[in-house]
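J.: Swiss-Prot feature annotations, pasted as is:
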- Cys62-Cys68: disulfide bond (DISULFID)
- Cys66-Cys77: disulfide bond (DISULFID)
- Cys298-Cys323: disulfide bond (DISULFID)
- Cys300-Cys344: disulfide bond (DISULFID)
- 53-91: domain 'LRRNT' (DOMAIN)
- 283-346: domain 'LRRCT' (DOMAIN)
- Asn81: N-linked glycosylation site (CARBOHYD)
- Asn124: N-linked glycosylation site (CARBOHYD)
- Asn275: N-linked glycosylation site (CARBOHYD)
- 92-113: repeat 'LRR 1' (REPEAT)
- 116-139: repeat 'LRR 2' (REPEAT)
- 141-163: repeat 'LRR 3' (REPEAT)
- 172-204: repeat 'LRR 4' (REPEAT)
- 209-232: repeat 'LRR 5' (REPEAT)
- 233-255: repeat 'LRR 6' (REPEAT)
- 256-275: repeat 'LRR 7' (REPEAT)
- 1-31: signal peptide (SIGNAL)
- 32-355: topological domain 'Extracellular' (TOPO_DOM)
- 377-420: topological domain 'Cytoplasmic' (TOPO_DOM)
Amino acid sequence: MPGGCSRGPAAGDGRLRLARLALVLLGWVSSSSPTSSASSFSSSAPFLASAVSAQPPLPDQCPALCECSEAARTVKCVNRNLTEVPTDLPAYVRNLFLTGNQLAVLPAGAFARRPPLAELAALNLSGSRLDEVRAGAFEHLPSLRQLDLSHNPLADLSPFAFSGSNASVSAPSPLVELILNHIVPPEDERQNRSFEGMVVAALLAGRALQGLRRLELASNHFLYLPRDVLAQLPSLRHLDLSNNSLVSLTYVSFRNLTHLESLHLEDNALKVLHNGTLAELQGLPHIRVFLDNNPWVCDCHMADMVTWLKETEVVQGKDRLTCAYPEKMRNRVLLELNSADLDCDPILPPSLQTSYVFLGIVLALIGAIFLLVLYLNRKGIKKWMHNIRDACRDHMEGYHYRYEINADPRLTNLSSNSDV
């Protein structure tokens, strides 16, 4: 039945049968002893009623709005607009799906139950509009190995979300897979702090995730990875950083990730991989690297990477890698380039660059002073311009007068006679 509960063999049915059997026996005893039947029933009935009513919640009951399968050890509460984690989850649950809800906040001890959810191994909370995960939210889940928080706008992820409310005394987390794809919140909800830093703090707190084998951080608009972030995750086998905005891996060290098998760096903003990164990747024995759809800049700085690509086998689909810049190299396949193709525009020595910068500053100051002088003397300059204009006008009028006399012979003779 949609949205209903599909339960396995119910322990509650057994208890109900026992209660009915007790009532039948009580009735038989009452009928065999009529004088004491009324008093026996009146004294025993309250006890039986209280015994039945005092039974604790059945450990295999299915929460409202959820679907349960004891055989598969699975509970699904999907797209039910739940605002909190159900409190009556069955103790047998091993796989719990709480996707597509309206949880908003995951408080400390959100999954603490009596009896505890000791078998819960896989927890999926994706797409539940979580914007805050508090310290100790996943405490009391000793078997939790896979956690999916994808597609939640996590504006506030506590540093102790995965390590417990007190990382200094908490045991290592049992998590093996942590999926945090597309958890970046809107810009106006980031509380004026680095989103990358918030996520990394949660990953590294108390060194609780040293057993983590799979980490997915795709589609989070990461611009960089903080220094040594991966050094404290030595058990990683699969790392997904695809579809971010990473421009460089200069400060990221892969040296300690000796078990790393796959590294996804597709769809980032990488321009070149430098020698240090190339050497570390080449030193990992089982690594497969994915580098598709990055804007590679094919200039003289790309020479070492091109040489490495031609020799290594760790890069998957390396024949698909193409240049994005400069314009003359666009869509050229990296494996087809040689050293003659990779050149850089001449670069001025640093000392000469400094001289030109200083000269530009001096000229700018001189120009500013000149404009200030002109502004302060604007009235005098205006008067001087009027005088120049009047002088030019008088000069031109005299010129036109002489020209008219010279052009008319009668005026010329008249002028000569008047001179005589």
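Note that the numbers count up from 1, one per residue, in the order the chain is shown.
Using the three backbone atoms N, Cα and C, a Cβ is placed for every residue, glycine included.
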J.: Where else in the chain does the repeat 'LRR 6' (233-255) make close Cβ contacts, counting only residues six or more beyond its ends and a cut-off under 8 Å?
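T.: Same-chain contacts beyond the flanks: 181, 203, 209-227, 261-271, 273-274, 276-277, 280-281, 283-284, 290.
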J.: As a test of the contact definition, list every same-chain residue at least 6 positions from Asn81 (N-linked glycosylation site) whose Cβ is closer than 8 Å to its Cβ.
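T.: When sequence neighbours closer than 6 are ignored, Asn81 (N-linked glycosylation site) has Asn101, Gln102 within Cβ distance under 8 Å.
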J.: Do me a favour and check the Cα-Cα span between Cys298 (disulfide bond) and Cys77 (disulfide bond); whole Å is fine.
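T.: Cα-Cα, rounded: 51 Å.
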J.: Once the DSSP letters are reduced so that anything not helix or strand counts as coil, what is Asn275 (N-linked glycosylation site)?
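T.: Its secondary structure by DSSP: helix.
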J.: How many whole Å apart are the CA atoms of Cys344 (disulfide bond) and Cys323 (disulfide bond)?
T.: 15
J.: Other than its close neighbours in sequence, what residues sit by the repeat 'LRR 7' (256-275), given a CB gap under 8 Å and a spacing of at least six beyond its ends?
T.: 213, 218, 230-231, 233-250, 281, 284-297, 301-302, 304-305, 308, 325
J.: Given Cys62 (disulfide bond) and Cys77 (disulfide bond), what distance in Å do their CA atoms have, once rounded to a whole number?
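T.: One finds 10 Å between the Cα atoms of these residues.
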J.: Taking the Cα of Cys68 (disulfide bond) as the centre, which of the recorded positions listed as Cys77, Asn275, Cys323 lie within 10 Å of it?
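T.: Checking Cα-Cα distances against Cys68 (disulfide bond), the recorded positions within 10 Å turn out to be Cys77.
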